[in-house]
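> Next up is a structure, given as structure tokens.
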Amino acid sequence: MAEISVLSILFILSFCLAPVTISVQSDDHETFIIHVAKSHKPHVFSTHHHWYSSIVRSVSPSSHHPSKILYTYERAAVGFSARLTAGQADQLRRVPGVISVIPDQVRYPHTTHTPTFLKLADSFGLWPDSDYADDVIVGVLDTGIWPERPSFSDEGLSPVPAGWKGKCVTGPGFPRSSCNRKIIGARMFYKGYEASQGPMDESKEAKSPRDTEGHGTHTASTAAGSLVANASFYQYAKGEARGMAIKARIAAYKICWKTGCFDSDILAAMDQAVDDGVHVISLSVGANGYAPHYLHDSIAIGAFGASEHGVLVSCSAGNSGPGPYTAVNIAPWILTVGASTIDREFPADVILGDDRVFGGVSLYAGNPLNDSKLPVVYSGDCGSKYCYPGKLDHKKVAGKIVLCDRGGNARVEKGSAVKLAGGVGMILANLADSGEELVADSHLLPATMVGQKAGDEIREYVISDPSPTATIVFKGTVIGNSPAAPRVAAFSSRGPNHLTPEILKPDVTAPGVNILAGWTGANGPTDLEIDPRRVEFNIISGTSMSCPHVSGLAALLRRAHSKWTPAAIKSALMTTAYNLDNSGKIFTDLATGEESTPFVHGSGHVDPNRALNPGLVYDIETSDYVNFLCTIGYDGDDIAVFVRDSSRVNCSERSLATPGDLNYPSFAVDFTSDSNGVVKYKRVVKNVGGNPNAVYEVKVNAPLGVEVSVSPAKLVFSEENNSLSYEISFTSKRSEDNIMVKGTPSAFGSIEWSDGIHSVRSPIAVRWRYQSAVSM
């Protein structure tokens, strides 16, 4: 499992557990989110808030600690959150009109060259055709924003869009002047946080939209930061920094605090963002481990409501890779983004005493080691193989370079531990779970990271040689085709989708490794207390960084195609994505060194200019998502959590036969004992390519062991018929006995519709999951 640097320890964990239910603070109350049926409000109450207050009073008439409403939800959801005892929560579940009562849960955040890597240009394509997303509003839900950074300059921007209803909420260190024509709104949501953790320590964090962590400033400037000349992190990554959508406006919603991001606050922020008038929500936050079921996932519930109001929600897939089933934010109405590399490296080589050289990466910006080689020791022989603070033996470490194993704690914290123990340098070695993934960090002492293979050889040398020595040589910034890019990060969470196997997740991958963007002025680049440095830009990694890239691209597409739905924008990004690196080979998965698959990278890496004119789109309406929920076994009461008007829900009249019939731009197929070796899906595509009489023919790249047929194989559009349907059939050519012997294999392929101008590609991911077969 991989860990992401420069965020606080609570923020950078790679997760493997279920979402954490919040414990009570000082009494027996805890926070619950209560979803209600809007139509059940008795006429005697003038507003829903009055009704909610009456409900709460009815379950705590004589309590010494009366229950308190924290938020009411109107747009992204319908209901409220309140402090209740477990007994009161049980009573609420029996109140007419109350659909569900869910305990609050905590989530965590999952950062110059990427526009060039994405082939965005001022002279052609998506940037000029969208006017750089002028007047599109991106709501960034994160740790807040540091408004003084040059990335948030409003120079040259037009007035604030007329339809904007948001506010610039002031607070400590955040006057009204913090907002401008770039940052047009800023709010903070902390009631759930304080209800769980007690009053905020305002000497350590700001009860205002100001970002004291750095994560939110980084994501906001990545999505929609203004153009900044001569940007860099010390001597690294020098150049022109710009967000994906430089004319888009930013609305910052601070939802994350020292101990995480609470569902009640997240849902309140999503609700407010929709009401304020954002067009895109960028949310680099997710569950702590496996994705909760949609019915219990406040992000999924809020995103459904946002989508119903025409707002696209882009989320990070998570940093819990490389294990399977680790992707979160996987509801089909969410655009789920994985992380991959770009063609920029920060090499820092290890040279051993026997003159062998091993390539690594680093963002160390201090004085280099001298030319002579220094003694090197292995941390496992010095008290702590993972280099935990306070655990290394000073007598064994002082004056030496220390080889530390990756894992267990933050990468930069390891270097801090070595420095505090008297060490003069660090070599950080990947273990098997991180493979050859290299993530550069702004270490406090001379340090570099090497892959697993190099790490194993260096460790063997250090342990076996009687007098091992080494040095580290820092080489700055290198841009080029070696190594090939993109490659999928080992930390990037991946599928298969453990909730709905018929929906392929993640959807796409985007730049998320070693990304330069704006940073807070309140925190050092490592987020360590002993780090006194303050920087305008920082380089960090994570799906938190890839998500705002795609959020910005979605803003550009919305400006270029103002009538497209969120699903159409998502479809354009997915069907135009590519899966070949810049050497012409299928992406590498850095966790394994093998070819990546759609379970790892989804439809592929985003290609912004092709997404501008995708040819065909797979559109989805709210009623389709309701039918999808019916197919996975939800009843009317369950679905009422998502929709505003539960009277519209009638699962007996659903139009989808299976979850796989949702009009999704990709295909995930599970052959089980019940499928009889045949799976069929239906799809509808809409012609948006400019030629109303276009004719598309399909090319099939069938997965190994599967016969794929598409009917019809030719789609003839006209002005009268700009939407056409087709059926795709998957037939297994592998016997159940063969599958049982070989375990549970997977196979991958694609179909591609083309009219000679456009190529509309959909990946296919197939699994065989017969009951007696070994589980994957």
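Just so it is clear, glycine is given a Cβ too, placed from its N, Cα and C backbone atoms.
Annotated active site, charge relay system per TrEMBL: Asp142, His215, Ser544, in sequence order. What TrEMBL records for 201-216 is compositional bias 'Basic and acidic residues'. According to TrEMBL, the feature domain 'Inhibitor I9' maps to 31-109. Taken from TrEMBL, the feature domain 'PA' covers 374-458. Residues annotated as domain 'Subtilisin-like protease fibronectin type-III' in TrEMBL: 661-766. The annotation region 'Disordered' is assigned in TrEMBL to 197-221.
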> Short question: which residues 6 or more past the ends of the compositional bias 'Basic and acidic residues' (201-216) have a Cβ under 8 Å from it?
6-8, 11, 109, 111, 140, 142-147, 169-174, 178, 186-188, 190, 252-254, 256-258, 284, 519-520, 522-523, 525, 527, 538, 544
> At the Cα level, what's the spacing in Å between Asp142 (active site, charge relay system) and Ser544 (active site, charge relay system), rounded?
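Rounded to the nearest whole number, the Cα-Cα distance is 10 Å.
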> How far is it from Ser544 (active site, charge relay system) to His215 (active site, charge relay system), counting Cα to Cα, in Å?
8
> Fewest other CB within 10 angstroms, which one of the active-site residues Asp142, His215, Ser544?
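Per-residue Cβ counts within 10 Å for the active-site residues Asp142, His215, Ser544 bottom out at Asp142.
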> Where DSSP helix means H, G or I and strand means E or B, what are the helix, strand and coil counts for the compositional bias 'Basic and acidic residues' (201-216)?
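The composition, in the requested order, is 2 helix, 1 strand, 13 coil.
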